[in-house]
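Participant: Take this structure first; my questions come after.
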Amino acid sequence: MELTEFVIKTITIVVVFALTLVIAMYSTWGERKVAGFIQDRMGPNRAGPGGLLQPLADAGKMFFKEDFIPALANKWLFIAGPSLAMLTALLASAVIPFGSTIKWDGAEVVLQGVESNIGILYVFGVVALGVYGIMVGGWASNNKFSLLGAIRAASQNISYEVAMGLSLIAILMMSSSLSLGEIVAQQHGGNWNIFYQPLGFIIFITCSFAECNRVPFDLPECETELVGGYHTEYGSMKLGFYLFAEYINMFISSAIISVLYFGGYNYPGMDWVYTQLTGSFGPETGHNIATLIGTAVFFGKALFFVFFYMWVRWTIPRFRYDQLMNLGWKKLIPLAIFNIIITGAAVLFLKPLITAWLN
Amino acid sequence: MQLTNRSKQVSNKEMTLMERAYLPAIATGLAITIKHFFAKKVTIQYPEVKRYLGPVFRGRHILKRDEDGRERCTACGLCAVACPAEAISMVAAERVKGEEQLYREEKYAAVYEVNMLRCIFCGLCEEACPKQAVYLRHDEFVPVFSDRDQVIWGKDLLVEDMNSRYTREAWTKEEARALDNKRANGEVTNVVPRAIP
Amino acid sequence: MKEVTIAEAPQGHSGAGFFATSFDEAIGLARSYSLWPLPFATSCCGIEFMATMGAHYDISRFGSERPSFSPRQADLLMVMGTIAKKMAPVVKQVYLQMAEPRWVLAVGACASSGGIFDTYSVLQGIDRIIPVDCYVPGCPPRPEQIIDGLMHIQYLAQNEKLRRRNTDEYQHLLASYNIQ
Amino acid sequence: MLSNQEVAEELLGKYGDQVFDFEEPYGLLTLSTTRENIIPVLEFLRDHKSYQVNFLTDLTGVQYPENKGKEFMVVYHMHSFIHNFRIRIKVSIPEADIHIPTATGLFASANWMERETYDFYGILFDGHPNLIRILNIEEMDYFPMRKEYPLEDATREDKIDALFGR
Amino acid sequence: MAEIELLPHNVPSQAELPELVEELTTLNLGPTHPATHGIFQNILKMDGEKIVSGEQTIGYIHRAFEKIAERRPFYQITTLTDRMNYCSSPINNFGWHMTVEKLLQIEVPKRAQYIRVIMMELARISDHLICNSILGVDTGAFSGFLYVMQKREDIYEIYEEVCGARLTTNMGRIGGMERDLSTTAIRKIRDFIKTFPPVLQEFEKLMSRNRIFMDRTINVGGISLERALSYGFTGPNLRAAGLDYDVRVMNPYSSYEDFDFSIPIGQSGDTFDRYNVRIEEMWQSLKIVEQALNNLPEGPYYADAPEYYLPPKKEVYNNMEALIYHFKIVMGEIDAPAGEVYHAVEGGNGELGFYLISDGGRAPYRLHFRRPSFIYYQAYPEMCKGSTLSDAILTMSSLNVIAGELDA
């Protein structure tokens, strides 16, 4: 009994880990393909069918590229930078509920790396650490462009975290729970938070663009100004880690967006599907199949947002540094606070009214 | 200050409320890019699909022979003089008895070399040649080199191979113009491929 | 003490073993499809490089669309355009900053040989300061030719040993350019 | 429309024999002056109430090695947008005393053009804020546009000069 | 082998690093920085991200055009002018030919003039397309760049039809054109006139009224009209500052007086103004191309000047006189009169002037190019002073400094 649970948990964790990596890896391919398609061209299509081996080629090349540490760099921190970025990026995926439960041998296991009742806090904590990877790496490079990139990254991430957290508080007020699993479960039956929190969603997604350093907030690494930004001095797999971490972050934030606002693994008509499946396959297998469908839906949602990230990236120009700060502090934070007030008022006054009216 | 009556103020820096709100413009942009996402791709898959380079493209050099297989070049040196890159060099020789089948004129180029890395493919040599001997092919490039020693092409590479002769619709610009007129009047109907495949 | 004799390797089995060889090939293949260029575009050829990046020719099909303006990240130095003598030290510096394996593609007449600019201020070919793997003729070359050059570099990448950069031959080449 | 005649007369009236060699090649008023007068002439034209020849189109040097005592020449092209009138002013200077006052005080654009002229011919513009080479490398020890220096890079290997008169 | 020593400014050793007493950072923008299209260097003194002062170093692709021109016959100089502003080489090309024609007093037939106008305006479009779309790239929007590059590819196809090359066209000759416009070329130009507007409109939709782009460009890198004139600005950059000076209108050449077009001007000479002026100029150029194509006169495409324009190949074989002319022209032994000419055309970046002194020899005695990029780029430190690094980069790309023209 204990052992089965342990095994399933281990498998879940490994699968979550591997999936995150594979998705991040193929996000690089996806990015290049999406960029190509948006720009009327083919994108990589020589390495393997449709260019599917492109990420492997990149990884293979990077692994065997000369590992270089600049003479005046701080060696220890220079290595710590990308490692930290990668580490924090990977940690966040642990608490994301990928599906509901798997029934196996009488036990019921949640499809989630770690079932934590403070999931959202954990995510925030880990994501907040992510900026250290960039900062440390940029600082250690002993390059002015890197340093500028690192400074930009640090101040940008810290500023936008405020607005992001505030926009989340509205969600927490509605769900009165910090557990991601609980938040998803509450959105069952088409009861998605996006319908209640459109403003919060816009603030949240804007901030997550900023947190992931994606266009229009890719100031820390913008090519035309800072050459490579914080990773200017990085080559070989260390650069690979940085790029990889960016894509993992993208996937994680997409996953969080779909969990918080788009009902996670919930989809319209899932109860009907569930009854059909348990009816024809038996309660256990049917339940598991239904869970897997939910997981697939969840991945669909997350990947759509990954696509959305890329779509936006290849469409709009980027902000200037001071404009970015203005947007963050002067627009998004007041908006988020306004959103909290509205939500609070609604929860306090509107909800009892509606409940009363419904009854 | 205004100098002419043709000036036109074009820069409008006032933003409307819609433009201030960021999102409408971003949505328009997203709509444009997603339209392109599903549009037909214009990419030419180069090594497999080759683009037609146009009837007058200035590609690699060729030294023409005439119908009997005799080299047309008479080593007058005009091409070398006309070359702004000084890429062409030649050594002239007198034709001796018995070589009439090889060379059309009494003088010929014993050595004719083009430095393919110097060459800027401006077409002035073709224009300068009074014997219509040197041409820039419209259908072929000079290949890439990996060795600096291979870049000077001698007669072995330049002189036309009689088995696969180089043909062109029109050899001079006057001929091209005449042909074009005929085509415009519908007298010639063969259509050469011109557009992207 | 008994002398240990080492048996001769059977014929055809000298050098790296099968695994190492196919590994070489795999990494060579990987490298060849992930040549991130450093577009060192100084003049006209740079405009043609833009065309090569553009939708019609699309250099990304070869996995090379990520231009790395930082030399640390680049695999292929594409020198496009005239390199004046004032610029020469910069080219060399950029080359030195690149991490192995690195390739150099001289695009166009100016970079390859000076082209029409046989003048006091122009370097007569970048191969005077750095080793060049491939020369692309033309002024400027058509995008097709630039792709030809890239494909030639791919061919080189596929057919060279993983550690060719440690070979005497290569070290010798670098030494002839006073590098290291 | 300003006529060449009018401007020439005005300049003659103001500067007398300090402006000379009036010509009109291809309709462009051309005159010469001395280096003592060039800046006053330019300033006069620039600040003239009705002419407003206030745009320095071009500034360049020319070398005439055979013209002893006047080996170098600095040529100014001025333009009046209001009247669409162009004027060319030349100043000859000897090689032995290769100095001319700078026009940077009058036109910001003169700065680099003078540096370029210095770089090419070695003409020294007195009072220029930063008269150093601009296009060529700092280490260059000659002025390459002078006629006596060769054009070619001496290290070119792939050319045979013997051919066809080169 | 030429021994080249590394410049000392590259990596300072620890001991050489200044002590942390001064608060300013020196940032070395270029020569290989991605935003310095073409190669030039800016040494910026920065206070955080604010630029306190800047100094440019140029000459990184100095190719000694003016020196070469003194050694080459007139007709070979075409190949040089092509490579000067390579984004719009036909303008340089014909500008040079018109200068020589002015010297030789050749009257070019109307048809050749119209063909030149068509080609020059197409070149202007392709020049402005590059500049504006690169401005887009520098703000981070890459896709618009590739959309309009497809149309530039169409322009290249037209060039290719007319002369056989894409970029360095070499399509003009002293006395006219190398070739006439073929029917295919005319068809392609018509196609271009039809298909270009939607693409440009789309580009405008993507960029012009996007608030992020407007915020990035408005009041960035502005220059007052007075300073612009003092710095010798011409072309779109001067027009953006508010003065409608256009050589095509002020000193019409090549029959520009026949065409109806307006001169776009901006308000304060900032990046947004420059962008808009360029966009509008493309529309105007398109209008000119359309007018020129519709009114394209019949007739010869080169002047009746046998001493200067190569005779047809057929004539060369059959006619002794033609053969002699052919040899004389190719050898460069034409009888150019002694004299001096200044001729200006409206290049992609402004007034492109050719100051030619001929002493009657086979090559110019002195040829000086008035290169607009060279002249106005000196204003750059003043324009980016006090702005941030990002602004400085946009200012640079909207100035459209072409290194080939800058350094010559």
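Every residue, even glycine, has its Cβ placed from backbone N, Cα and C.
In case it helps, TrEMBL gives these features for our protein:
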type    : residues                              : note
DOMAIN  : B:63-93                               : domain '4Fe-4S ferredoxin-type'
BINDING : B:CYS73, B:CYS76, B:CYS79, B:CYS129   : [4Fe-4S] cluster 1 binding site
BINDING : B:CYS83, B:CYS119, B:CYS122, B:CYS125 : [4Fe-4S] cluster 2 binding site
DOMAIN  : B:110-139                             : domain '4Fe-4S ferredoxin-type'
Participant: Would you mind listing, in sequence order, any of the binding-site residues B:CYS73, B:CYS119, B:CYS122, B:CYS125 that have a CB less than 8 A from a CB of chain E?
Facilitator: B:CYS122
Participant: If we count other C-beta atoms within 10 Å, could you say which of the binding-site residues B:CYS76, B:CYS79, B:CYS83, B:CYS122, B:CYS125 has the fewest?
Facilitator: B:CYS76
Participant: Neighbour count, 10 Å Cβ-Cβ cut-off, for B:CYS129 ([4Fe-4S] cluster 1 binding site): what number do you get?
Facilitator: 24
Participant: If you average per-residue pLDDT over the domain '4Fe-4S ferredoxin-type' (B:110-139), what number do you get?
Facilitator: 86
Participant: Which chain neighbours of the [4Fe-4S] cluster 2 site, leaving out B:CYS83, B:CYS119, B:CYS122, B:CYS125, have a Cβ atom within 8 Å of the mean position of the site's Cβ atoms?
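Facilitator: Other same-chain residues with Cβ inside the cutoff are B:CYS79, B:ALA82, B:PRO84, B:ALA85, B:ALA87, B:ILE88, B:VAL114, B:ILE120, B:PHE121, B:GLY123, B:LEU124.
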Participant: If you measure from the Cα of B:CYS79 ([4Fe-4S] cluster 1 binding site), which of the binding-site residues B:CYS119, B:CYS122, B:CYS125 is the nearest?
Facilitator: B:CYS125
Participant: Starting from the [4Fe-4S] cluster 1 site formed by B:CYS73, B:CYS76, B:CYS79, B:CYS129, give every other residue of that chain whose CB sits within 8 Å of the mean position of their CB atoms, in sequence order.
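Facilitator: Nearby residues not in the site list: B:THR74, B:ALA75, B:GLY77, B:LEU78, B:ALA109, B:CYS125, B:ALA128, B:PRO130, B:LYS131, B:ALA133, B:VAL134.
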Participant: So if I measure Cβ to Cβ from B:CYS73 ([4Fe-4S] cluster 1 binding site) and keep only same-chain residues at least 6 apart in sequence, which ones fall under 8 Å?
Facilitator: B:LEU63, B:GLU105, B:TYR108, B:ALA109, B:TYR112, B:LYS131, B:ALA133, B:VAL134
Participant: So how many other Cβ atoms are close to B:CYS119 ([4Fe-4S] cluster 2 binding site), meaning within 10 Å of its Cβ?
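Facilitator: Its Cβ has 29 other Cβ atoms within 10 Å.
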Participant: Look up B:CYS73 ([4Fe-4S] cluster 1 binding site) in the DSSP assignment and reduce it to helix, strand or coil.
Facilitator: coil
Participant: Given binding-site residues B:CYS73, B:CYS76, B:CYS79, B:CYS83, B:CYS119, B:CYS129, which are under 8 Å from chain C when comparing Cβ atoms?
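Facilitator: Checking chain C against the binding-site residues, the residues within range (Cβ-Cβ under 8 Å) are B:CYS119.
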Participant: Whole-number answer please: how many Å between the C-alpha atoms of B:CYS83 ([4Fe-4S] cluster 2 binding site) and B:CYS76 ([4Fe-4S] cluster 1 binding site)?
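Facilitator: For B:CYS83 ([4Fe-4S] cluster 2 binding site) versus B:CYS76 ([4Fe-4S] cluster 1 binding site), the Cα atoms are 13 Å apart.
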Participant: Taking just the CA atoms, what is the gap between B:CYS122 ([4Fe-4S] cluster 2 binding site) and B:CYS129 ([4Fe-4S] cluster 1 binding site) in Å?
Facilitator: 14
Participant: At the level of the C-alpha atoms, what whole-angstrom distance separates B:CYS119 ([4Fe-4S] cluster 2 binding site) and B:CYS129 ([4Fe-4S] cluster 1 binding site)?
Facilitator: 16
